[in-house]
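Working notes for the structure below.
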Amino acid sequence: MASNRTFTSPALAFELVARCSVTRARASILTLPHGTVNLPIFMPVATQASLKGLTPEQLEGTGCRLCLNNTYHLGLKPGQEVLDAVGGAHKLQGWNHNILTDSGGFQMVSLLKLANITEEGVRFLSPHDGSPMLLTPEHSMSLQNSIGSDIMMQLDDVLVTTSPDKARMREAMERSVRWLDRCIAAHKNPDTQNLFCIIQGGLDLDMRRECCREMLARDTPGIAIGGLSGGEAKDDFCRVVAACTELLPDLKPRYVMGIGYPEDLVVSVALGADMFDCVWPTRTARFGNAITKHGVLNMKREMYAADFGPIEEGCGCQCCRPIEEDGAMGITRAFVHHNAAKETVAAHLLTLHNVWYQLNLMRQAREAIIEDRFPAFVKEFFGNLYADRSSYPSWAVDALKGVGIDLLAT
Amino acid sequence: MRFEVLKAALKDGAAARVGRLAFAGRTPIDTPNFLGVTSRGALPHVTPDNVDKHLATTGAFMALEDFIERPQQYLKRIPPIYATPTTKKHSTRLHSFTALPQSVTTVLNTRRIPAVPSPMGNTNASVSVFTSTGFQALTTKEYLSAVQTLRPDIAIPPADLTNSPITPNSKRALRMAERTDEWVVEWFSELSESSSPPTTFAPILPISYSIQWEYVSRLAEDYLPTAQLSGLAIHDPDLLPDLAEHCAPLLPLPRLSLADPRTPHHILRQIALGIDLFALPFINTISDAGLALSFTFPPPPAPSPENTTAPGPQPLAVDLSLPQHAASLAPLTPIRTCPCYACTAHHAAYVHHLLAAREMLGWTLLQLHNHAVVAAFFAGVRDTLAQGGPEAFEAAARQFALAYEPEFAEGVGERPRARGYQYKSVGGGEGKRNKPAWGKLDGEGAEGAQAGEKGAEV
């Protein structure tokens with residue numbers, strides 16, 4: 001059902017709005033069961049059905065219309081029984097916009113010391129009582145059906161990308177494909193919930209390409225590139241994203257999982273990716289860090305104690321907007337400094353600011369793509385972030401060169 | 001400032017009354033009413049936009065000790081709050097620094113309530129205060145200059161207090177009265193030059209009237225006629241009958257209670273004694289404990305006496321950490337008509353989940369709810385007093401005492417922090433309130449493993 005601009009599947013419509021004439025960047029509109037979102041997009045992570053201290057109303061105020069929940073965490077608390085009784089995660093958290101749920105595969109790697117992965121599923125010890133538990137593709141689907149997320153992720157066999165064990169990497173990649181088949185078979189609500197596949201294959205580009213072909217054959221409504229952001233070199237990360245996007249169809253959303261640093265977002269958009277998520281912006285907010293176009297500022301530093309400017313000059317978030325404007329709070333760096341690590345309010349304020357920053361960065365990128373001035377946007381972004389060109393990270397320079405932007409050219 | 005008593009008891013002396021306290025540019029406060037108690041300039045867990053949008057709270061209690069810490073490396077630094085620029089929207093430094101909505105009336109005191117007792121004690125010229133970097137001396141002169149710089153709507157002069165539950169011996173009590181007297185004299189004499197002196201609520205000490213009578217009569221004789229004294233900050237409301245008997249001229253002044261009532265029963269008692277305005281730290285504590293307040297005033301009608309299955313006294317609050325709330329889509333408490341954001345946009349199951357997951361939003365929602373319940377409670381008190389007079393109020397208060405349990409349950413949930421810079425271990429050895437978040441990797445001594453929850457297959 002694809003015209004040359006739109007793709008529709010039962011629970012999703014994707015419309016390609018514009019394409020950068022230089023890079024692979026795209027602007028598009030994604031329509032999901034709980035409304036429309038503009039791509040490229042950053043999705044804040046409300047792991048346990050709450051975006052770290054913000055009310056759903058405040059999150060809505062940042063412009064967010066698609067956020068993440070985590071299947072693994074919601075499966076433990078509140079648990080499937082409660083999710084069924086309440087009627088899903090939207091009802092649980094009072095969020096009437098879209099939710100994407102990660103399958104819980106990544107948490108197996110990041111949180112569990114004794115995860116044992118077999119063909120059947122992931123066996124691990126319960127973090128609550130140490131009893132053995134099993135997460136299978138079928139069970140992950142059943143949980144995500146109970147959650148009712150608008151986008152569900154398949155259970156995948158995640159391995160740290162830096163693993164030197166090639167045979168194990170291949171096994172993980174192939175198993176992820178087999179698990180996708182089991183996920184598709186077990187998915188009870190294909191008309192109301194989208195299931196995305198996840199491309200695995202570590203840093204081996206051939207294996208990634210092979211995985212792309214296998215996954216694409218299963219024709220899921222969207223495609224994720226997984227297994228990254230696990231400590232690999234940035235060059236390798238860019239190569240993998242570029243290799244995958246090259247093979248992916250134009251008319252499906254492409255989601256790079258676990259990406260959140262502003263540079264990574266901008267470069268990944270240039271490489272043709274559309275969707276990103278990361279806990280970093282909200283986590284770093286709780287550590288007292290503010291993301292700005294000139295880099296990350298640690299508000300706990302003494303230099304901000306008597307700084308009565310906004311967190312970021314010119315920022316349009318509720319904390320930073322000029323005080324005369326309606327709804328602006330008039331938060332100063334001094335107040336954030338005063339309460340950082342002392343009162344939760346400071347964490348909430350920085351979370352509001354950081355989420356707004358990330359969403360706005362993607363909004364700006366989108367506008368630039370539509371007006372076909374994306375390369376200039378990328379150059380301005382890096383120009384703001386670094387004092388001079390010599391300090392640009394080489395991985396970004398190289399990756400952008402590969403798609404036609406020469407950051408170092410005058 | 002303007003304070004009018006709209007309806008007072010006809011009998012002599014201090015008693016429950018309805019009034020209105022108004023400051024130019026702020027939302028008028030109908031009394032009896034309460035102030036939200038801030039910590040470091042913030043209402044705990046509630047960002048200024050939510051204060052504006054979702055709280056009916058019209059006043060904020062602040063302590064200067066929350067703003068004047070001296071970090072080890074920067075011992076010489078001048079507290080930044082003194083240099084805050086003001087704007088049209090935030091016309092005082094206190095509003096500007098804390099970003100509290102302009103409509104909120106601010107009250108500034110030297111110390112938080114409850115204050116951590118200081119091991120150093122006060123001197124003739126300073127109060128010992130507890131900042132986030134430790135105890136330090138705050139001279140009465142510095143405090144006075146802070147008041148003039150920050151321009152709170154109500155300023156409470158320094159009082160010489162022990163901040164201890166133990167009643168001071170008569171020698172200490174006498175010194176408390178003498179010092180406070182001297183400080184208040186100093187306060188008013190320094191301010192007599194000021195072109196726009198702050199609205200002053202003089203402290204009434206928690207010692208017997210006979211020891212502080214000299215000080216209290218000075219207030220009435222010297223500072224009331226000059227209109228320098230605008231109100232009283234009362235540490236022990238039980239002194240009000242004595243005040244009424246001996247210092248009747250002070251009676252028209254608004255009375256702010258700093259006596260930290262623990263429950264609504266204590267609040268009602270203090271209202272009956274004649275308190276107009278309360279600083280209520282217990283609301284913050286209750287929210288941190290995972291409790292949602294569930295009382296109303298007047299209380300629900302008592303069941304008929306022949307109904308033998310009548311329930312006993314109702315709890316004052318609902319412990320949302322308890323498992324029966326896990327899937328409840330009802331509002332947070334049996335107050336089905338609670339108009340707060342938490343009860344209208346969310347439900348008990350969500351707050352239960354947030355508490356179980358230790359997500360900060362749980363405490364935010366509880367703060368919004370609990371402040372709304374207390375605001376409705378005071379509105380009920382005012383209505384009863386305005387419509388039925390003191391007799392109706394006393395009858396409703398008696399019924400309230402029967403309808404609700406005398407104390408709050410402890411609350412089984414974990415707290416946002418077991419203790420912090422604003423608490424001090426007294427005597428030590430209290431043990432840990434919350435489970436450790438991280439255990440040892442090999443599982444030894446990891447208490448998390450003993451937690452009772454039996455998970456199903458994930």
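Start at 1 and count along the chain as shown; that gives each residue its number.
Cβ coordinates come from backbone N, Cα and C, glycine included.
What TrEMBL records for B:15-395 is domain 'tRNA-guanine(15) transglycosylase-like'. For the domain 'tRNA-guanine(15) transglycosylase-like' (B:15-395), the model gives a mean pLDDT of 94.
Within 10 Å of the Cβ of B:Cys343 (Zn(2+) binding site) there are 24 other Cβ atoms, across all protein chains. Under the heading Zn(2+) binding site, TrEMBL lists B:Cys338, B:Cys340, B:Cys343, B:His369.
Annotation comment: TrEMBL describes B:419-458 as region 'Disordered'.
Here TrEMBL flags B:447-458 as compositional bias 'Low complexity'.
Once Cβ contacts within 10 Å are tallied over all protein chains shown, the binding-site residues B:Cys338, B:Cys340 are led by B:Cys340.
The Zn(2+) site is defined by B:Cys338, B:Cys340, B:Cys343, B:His369, and by the 8 Å test on Cβ atoms against their centroid, the other residues of the chain that qualify are B:Ala292, B:Pro331, B:Leu332, B:Thr333, B:Ile335, B:Pro339, B:Tyr341, B:Ala342, B:Thr344, B:Leu368, B:Ala372, B:Val373. In three-state terms derived from DSSP, B:His369 (Zn(2+) binding site) belongs to a helical segment. Reduced to three states, the DSSP call for B:Cys340 (Zn(2+) binding site) is coil. Neighbour density for B:His369 (Zn(2+) binding site): within 10 A of its CB lie 29 other CB atoms from the protein chains shown.
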